[in-house]
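Encoded as structure tokens, the structure appears first; notes follow it.
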Protein chains: 4
Amino acid sequence: MDMAKPLPNYLVQRYHGWKATSYAENESWYRRLASDGQHPRAMIISCCDSRVHVTSIFGADQGEFFIHRNIANLVPPYQPDGQQHGTSAAVEYAVQALKVAHVIVLGHSSCGGVQGCLDMCQGNAPELDAKDSFVGRWMDILRPKYEVVADIEDPKEQARQLEKHAVMTSLENLMTFPFVAEQVKAGELTLHGLWHNIGEGGLECYSADKEMFRPV
Amino acid sequence: MDMAKPLPNYLVQRYHGWKATSYAENESWYRRLASDGQHPRAMIISCCDSRVHVTSIFGADQGEFFIHRNIANLVPPYQPDGQQHGTSAAVEYAVQALKVAHVIVLGHSSCGGVQGCLDMCQGNAPELDAKDSFVGRWMDILRPKYEVVADIEDPKEQARQLEKHAVMTSLENLMTFPFVAEQVKAGELTLHGLWHNIGEGGLECYSADKEMFRPV
Amino acid sequence: MDMAKPLPNYLVQRYHGWKATSYAENESWYRRLASDGQHPRAMIISCCDSRVHVTSIFGADQGEFFIHRNIANLVPPYQPDGQQHGTSAAVEYAVQALKVAHVIVLGHSSCGGVQGCLDMCQGNAPELDAKDSFVGRWMDILRPKYEVVADIEDPKEQARQLEKHAVMTSLENLMTFPFVAEQVKAGELTLHGLWHNIGEGGLECYSADKEMFRPV
Amino acid sequence: MDMAKPLPNYLVQRYHGWKATSYAENESWYRRLASDGQHPRAMIISCCDSRVHVTSIFGADQGEFFIHRNIANLVPPYQPDGQQHGTSAAVEYAVQALKVAHVIVLGHSSCGGVQGCLDMCQGNAPELDAKDSFVGRWMDILRPKYEVVADIEDPKEQARQLEKHAVMTSLENLMTFPFVAEQVKAGELTLHGLWHNIGEGGLECYSADKEMFRPV
């Protein structure tokens, strides 16, 4: 790989700062995590979006959360076809190997992936319809939900509703994994759906009773 | 989705704590991030492992890094077959839509996914060879590198070398994406390979000159 | 003490979160607790085990319970020999100075201390028999009860019974303290024995009538 | 034990409330904690005082902290004499069996045990000088520090300083345990001293550099 470059200097400096402070203060814990392995309580599936800081919001300690991040926090349906499914692999590892007790799907406002899905469904993003658009094909997971929000006139509200449907879709698809469904039914695993409002700092949780998201 | 449950109370409390402190202190920045969108300088591809806190190591601010996390920080080769490729979608979005200047692949010590790959290649994990093992099929991306480390006798050193090959494989595969290769050649994008030692707090960077990882 | 280190950052953040929410909302009560002193209704003696959250189970408010926690929730017999007896000091302070109305001994499932006692009595933990094993010597308090459970074949049931005997032993030893016995007889103090099943969320209370633990 | 009584009804009700809410929402986690055992990151040694809620202040999750609570959060010096030392047993179990990465000593304002020590040293509490006073003998651990604060005129400030000396004494005594000193020197265990102001909601951390407590 003759293309790899040295780390930008500002990151080298920050790393050395971390090493001299956070690492130094938590050295014993890092050593133990390294020798004893991880025992995270929960898996969090969130978006790659740079504005979503899962670990800040939940005051996370190193070792607490197994975190998978992809575009629009989507979980595809169970499809054991021998192909490469990175999200399914992460779910399998968390649930089967680590035996986490919770899988938390965390959606958020102003999600670029969800907006792309809307644009695509509304005919405004032909490039996303192309076979070679990875983002477009990935957002196909959410596509069937477009019709549920198609009639919402306010574009902002429409996007928001589709963002929440992305969370619900992931929860539904998680239940198509036999090992997830089995453990959920046995009371050994619980699923949670959240939607985070970046600008307002809000957090809403999907309530199965009310079939809606409500502030926590 | 009648299976979704409320958020565990300790997370609700921590969230409210975050809202009243970090959010309150940075409200104007969060609002601006929401209204102006994200402009991250770099994409980081790291592992889901709960012990790897990307944002801590680099003192990350909200909005700084577009972060994709999957098992063993792997990028598959470019394969525009119309199927769902979550990692490729994340790379495409970061490079094409967000125009990040850096893609950083961050591997780490004691990686469970890499260990699984080793076990599988050594015939000790038949369950990972099954067609329906998502983890096994995902680790196939790294499989061809096993022969490079097959003769290393010390199991810890062997795993460590394969962890570093996971980073190099991702860098190589990134270059198979036409839009990545093009921007790298045009000097608009740089790739970086890192390996993080969790217990020691170490950080090594792949040096193309020396063809090896060296402490930053 | 040149060995003391700063508090890990995640705890600093969580503390500030608590200060800005729980403390802020209850400030007047905290100030009053500080100025008027504590008037707890009950003392609880429970195990140090990280899985036993006394305050959760009983929805405890600040100022409600005087809580002593030690290995296996044991109270040693009354022994006023001028040596240091931390548990006896806690009982004396609760009953004599604070005049609590209840002393509740709370045992639990999967107790590591009780398991150690079993291992020691069965000859499987010679290190606990050593004079300098603090855990071993502390579990000597429970040792005489081993013979009562020695014939139980199922190891899980055996441990469970010994856990319950740990609670009963503490109740019996509490009655050897003259000031406890006196107040119990005068109807000014009541003793209660509980056993908590961590996994099932169960709670059983010792019934003097039936001479057994029964679900509350 | 014919003296044990049923649990007061208000606690039965609260327990059933907890079972139907917190337990129900976290059932999968409780089951996993029961089957896999505890892996707490830290041991906390705090006072029995009903006003000190360790788990609230630090947004604690079940399974996070191994908590020992005694009068005035004192650790006696290492004394492997074959007698019963409950606090030493708790320290041994946390450090040797559970391999916690941190031991945090948490003192607090308005500590009744520390006030008793002051009264005793000033000749105002002859009953605490009696051989059969468990509280008096327990506070002997702190007694040598009285001379350091003897000249402070303001009684409130004097108590506060002695409360902080209780924390420092415990840290010093912890270092007399060979297994603690060894792991601290090896970077596998870190010690922390805190003092909590109940009325103000304040938290101060002992700084070895400055040899004083400073707000976190």
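These residue numbers are counts, starting from 1, taken along the chain as shown.
Yeah, the Cβs are placed from backbone N, Cα and C, and that goes for glycine too.
Annotated features, as they stand in TrEMBL:
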BINDING   A:Cys47, A:Asp49, A:His108, A:Cys111  Zn(2+) binding site
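Using a 10 Å Cβ-Cβ cutoff, A:Cys47 (Zn(2+) binding site) registers 28 neighbours. DSSP assigns A:Cys47 (Zn(2+) binding site) to a strand segment in the three-state reduction. Least packed by the Cβ count within 10 Å, out of the binding-site residues A:Asp49, A:His108, A:Cys111, is A:His108. Contact annotation for chain B: of the listed binding-site residues (A:Cys47, A:Asp49, A:His108, A:Cys111), A:Asp49 place their CB atoms under 8 A from a CB atom of that chain.
In the three-state DSSP assignment, the secondary structure recorded for A:His108 (Zn(2+) binding site) is strand.
Taking the centre of the Cβ atoms of A:Cys47, A:Asp49, A:His108, A:Cys111 as the Zn(2+) site, the nearby residues of that chain (Cβ within 8 Å, site residues left out) are A:Ser46, A:Cys48, A:Arg51, A:Val52, A:Ala72, A:Asn73, A:Gly107, A:Ser109, A:Ser110, A:Gly112, A:Gly113, A:Val114, A:Glu163, A:His196, A:Ile198.
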